[in-house]
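Here the structure is laid out as structure tokens; the discussion comes afterwards.
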Amino acid sequence: MRLEIKKRARGRGVGPGAMEKTRPLWATPLQFVFACISYAVGLGNVWRFPYLCQMHGGGSFLVPYVVMLVVEGMPLLYLELAVGQRTRQGSIGAWRAVSPYLSGVGVASVVVSFFLCTYYNVINAWAFWYLFHSFQDPLPWSVCPLNGNRTGYIEECEKASSTQYFWYRKTLNISPSIQESGAVQWEPALCLVLAWLVVYLCILRGTESTGKVVYFTALLPYCVLIIYLVRGLTLHGATNGLVYMFTPKMEQLANPKAWINAATQIFFSLGLGFGSLIAFASYNEPSNNCQKHAIIVSIINSSTSIFASIVTFSIYGFKATFNYESCLNKVILLLTNSFDLEDGFLTANNLEQVKDYLASAYPSKYSEVFPQIKNCSLESELETAVQGTGLAFIVYTEAIKNMKVSQLWSVLYFFMLLLLGIGSMLGNTAAILTPLTDSKVISSYLPKEAISGLVCLANCAIGMLFTMEAGSYWFDIFNDYAATLSLLLIVLVETVAVCYLYGLSRFESDLKAMTGHALNWYWKAMWGGVSPLLIISLFIFYLSDYIITGTLQYQAWDAAQGQLVTKDYPPHALAVIGLLVASSTMCIPLVALGTLITRRLRRGDPAPVA
Amino acid sequence: MLWLLFFLVTAIRADLCQPDAENAFKVRLSIRTALGDKAYAWDTNEEYLFKAMVAFSMRKVPNRETTEISHVLLCNVTQRVSFWFVVTDPSRNHTLPAVEVQSAIRMNRNRINNAFFLNDQTLEFLRIPSTLAPPTDPSVPIWIIIFGVIFCIVLVATMLLILSGIQQHRRKNKGPSEMEDIEDKCENVITIENGIPCDPLDMKGGHINDAFVTEDERLTPL
């Protein structure tokens with residue numbers, strides 16, 4: 001039996017402590033692609049894109065969407081991946097390598113990612129809440145709870161609907177306005193703790209654990225979407241929704257808002273500027289073909305959006321048809337009872353003729369009843385376009401409760417939401433953790449697990465703010481303002497820095513040396529000219545929009561009326577909004593200034609610096 | 001004379017049962033909605049059954065055990081099917097108070113519904129609200145059970161990963177210090193066969209070990 005004990009001669013003059021730690025790598029390039037897909041394909045694909053599609057003329061929205069994908073999405077995605085792969089550092093280190101004055105861009109990315117992590121995981125907490133409540137018969141959001149003396153239902157639930165009541169009262173326990181913050185609700189707080197524990201479990205070991213988790217978070221949502229597609233297309237009334245969505249309204253192409261929304265959607269859907277893509281790419285082999293991966297990821301992301309909107313619209317169609325038929329049945333019942341017609345005589349087909357007959361035969365009685373007769377319209381049901389948490393937790397649950405075996409569909413749906421949410425959280429946390437673990441100062445004191453744990457703990461503690469009674473209003477503030485303007489600025493500075501500060505030709509030769517492929521002229525044209533111009537125009541548009549609208553408003557839930565009302569933000573909320581935007585955007589100039597000052601001081605100092 | 005009395009009585013009785021009369025209730029049935037193809041026609045026999053059910057409900061009320069089917073009066077039957085009914089006292093001159101009739105019907109609503117294969121929505125007593133079934137609340141909400149299970153699983157998995165990470169760290173810290181000691185002892189590759197280092201064999205250089213027969217001599221040349 002041969003025993004070979006080989007000992008390689010290590011630099012004898014160097015002790016074991018100075019041994020260079022190799023950067024952890026993805027086990028296969030497939031893990032990297034799955035990580036990017038899992039990060040980019042998130043909740044926005046499911047609840048924002050279908051809404052935009054509906055608002056801007058269905059099939060015709062695809063035209064600006066694809067144009068923006070090719071002109072803006074792919075080039076910027078490739079740029080970020082290339083920077084990360086080249087510098088092999090997190091966002092702060094990467095931009096410091098591009099130019100020492102630019103590490104502020106990395107810091108701004110980390111700050112924005114921190115805000116994003118804090119509020120994004122609350123959605124996962126809500127998804128957990130709904131998932132746990134899906135194991136009951138009947139589903140708790142399908143019936144209104146009874147009032148005190150059991151003669152009817154609770155008033156708030158009667159005025160709104162059972163799904164809205166469950167969301168606003170049972171899940172959020174929402175207060176009437178943002179000023180009344182109320183207490184921390186222990187149920188969503190528990191779910192938030194669980195959500196952060198799950199995220200911690202996934203990122204604990206860095207790329208080793210993340211690389212395995214992304215197989216699930218990238219692939220399983222597609223399985224659920226396919227199952228839902230089959231179920232959705234076979235639902236009664238699904239075709240109504242699909243026809244409505246895909247009928248192109250060509251006049252929308254002339255609407256500038258359609259193009260702006262397409263650009264914004266591509267931009268935020270790919271998750272540019274957060275630093276997550278740079279972090280993921282930094283764990284790549286230097287010879288990895290990130291151009292191919294950038295194209296693949298962006299195409300898959302957009303296709304998933306379109307696929308998800310097919311599913312969403314078949315469900316919309318089902319829900320709209322169901323509501324339309326219920327409305328018709330209510331009118332039929334009203335007329336049958338008022339005029340004592342034979343039961344079953346009035347149907348949807350002869351409704352109009354009978355109405356005319358009754359109006360002529362019994363004019364006085366008809367005019368009494370007339371105000372109560374609702375005009376049921378399938379179009380108006382389809383037009384109730386909703387986005388965001390309202391779509392996911394109110395509209396979808398309303399559709400699910402009317403399906404057969406609704407518990408199964410509910411569990412599947414919220415499981416998919418969780419997978420999408422956690423997949424995106426992996427990227428968000430990577431954006432924060434990679435710069436921290438790259439920093440020699442911090443990583444020498446604390447192991448990777450402890451840093452991750454501390455970040456998760458801090459985010460969880462701050463996230464408790466969103467579990468208070470007014471938490472949903474603060475969530476909307478973070479969702480609307482924490483990332484939008486800052487990201488546009490960050491990506492603009494990134495593009496300009498790489499093209500003009502670092503030098504496009506220098507970057508091109510770096511990429512060629514690294515991957516072996518020459519840079520196509522198309523990327524150069526996009527990076528140098530088109531994409532920055534596009535971002536500048538988006539930026540100007542948003543700024544002018546904020547300035548023109550004047551006071552910012554929000555939707556508050558009025559329990560007495562059972563619907564949303566618009567209110568103005570109080571001054572302290574406006575201050576928070578300003579702080580959110582300023583804290584990330586100001587990092588760029590401040591750090592640049594700080595670097596300038598320290599360099600000047602060092603130059604004044606005669607001691608040479610290596 | 002008798003005929004006059006008879007007309008008087010029927011007139012009074014007719015007055016007792018009128019739409020919107022005092023203590024009168026309207027009933028509405030939606031048989032076709034409830035039963036579809038299996039719907040039965042509403043005729044006088046069904047009305048008789050209805051009167052019987054109402055009389056039965058009234059008999060359950062204390063002091064009203066002597067209510068007969070003939071005390072229940074129906075009127076204004078429409079095609080809908082809807083009608084009004086009142087319950088009279090044994091003298092047939094007065095109608096029983098609405099409150100008593102209400103409570104009697106509410107108590108026995110289920111029996112009445114079942115007699116006609118209908119439910120609270122398809123057999124409506126206007127102005128008599130039905131008692132809704134209380135929701136079955138388990139003592140421990142189901143969601144907490146599922147939450148507890150998943151929370152424990154995730155916690156255990158996290159602990160395991162952390163502990164194995166700590167063990168790996170310890171092994172790595174011991175590893176380099178062990179390696180350093182051995183490196184001081186030998187620099188070259190050491191091959192050990194059966195506990196005997198092969199190094200001395202290499203240094204012989206040129207000496208043939210007679211213990212081993214060379215392969216060429218073993219095989220007979222072709």
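Just so you know, glycine gets a Cβ as well, placed from its N, Cα and C.
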Message = According to TrEMBL, A:Ala40, A:Val41, A:Asn45, A:Asn301, A:Leu420, A:Ser424 bind Na(+); which one of A:Ser269, A:Ser338, A:Ser377, A:Ser380 is annotated to that same site?
response = A:Ser269
Ask   = Relative to the transmembrane segment (A:573-593), which of A:25-42, A:62-83, A:104-132, A:295-316, A:481-504 accounts for the most Cβ pairs at distances under 8 Å?
value = A:104-132
Task = Count the Cβ pairs between the transmembrane segment (A:104-132) and the transmembrane segment (A:183-203) that lie under 8 angstroms and are 6 or more residues apart in sequence, then report whether there are at least 3.
result = yes
Remark   = Within the same chain, the residues 6 or more beyond the ends of the transmembrane segment (A:411-433) and with Cβ under 8 Å of it are 35-36, 38-43, 45-46, 90-91, 109-110, 113-114, 116-117, 120-121, 123-124, 127-128, 130-131, 134-135, 198-199, 202-203, 206, 210, 213-214, 216-218, 220-221, 224-225, 227-228, 271, 274-280, 392, 396, 400, 448, 451-452, 455-456
Ask   = For Na(+), what surrounds A:Ala40, A:Val41, A:Asn45, A:Ser269, A:Asn301, A:Leu420, A:Ser424 with a Cβ no more than 8 Å from their Cβ centroid?
value = A:Ile37, A:Tyr39, A:Gly42, A:Leu43, A:Gly44, A:Leu270, A:Gly271, A:Thr304, A:Ser305, A:Gly423
Request  = Please indicate, using numbers and ranges, the residues of the same chain that are 6 or more beyond the transmembrane segment (A:62-83) and have a C-beta under 8 Å from a C-beta there.
outcome  = 36, 53, 56, 94-95, 98, 253, 258-259, 262-263, 265-267, 270, 272-273, 277-278, 280-281, 290-291, 293-295, 297-299, 301-302, 306, 491, 494-495, 498, 507, 511, 523, 526-527, 530-531, 534-535
Key: Surrounding residues of the transmembrane segment (A:454-475) on its own chain - C-beta under 8 Å, 6+ positions past either end   = 114, 117-119, 121-122, 125, 172-175, 177-185, 188-189, 192-193, 196-197, 199-200, 389, 429, 432-433, 436, 446, 554, 556, 573
Query = In the same chain, who gets a Cβ under 8 Å from the transmembrane segment (A:25-42) while lying at least 6 residues past its ends?
reply = 81, 207, 210-211, 214-215, 217-219, 221, 269-271, 276-277, 280-281, 283-285, 288, 293, 296-298, 300-301, 304, 420-421, 423-424, 426-428
Note = The number of other Cβ atoms within 10 Å of the Cβ of A:Asn45 (Na(+) binding site), counted over all protein chains shown, is 24
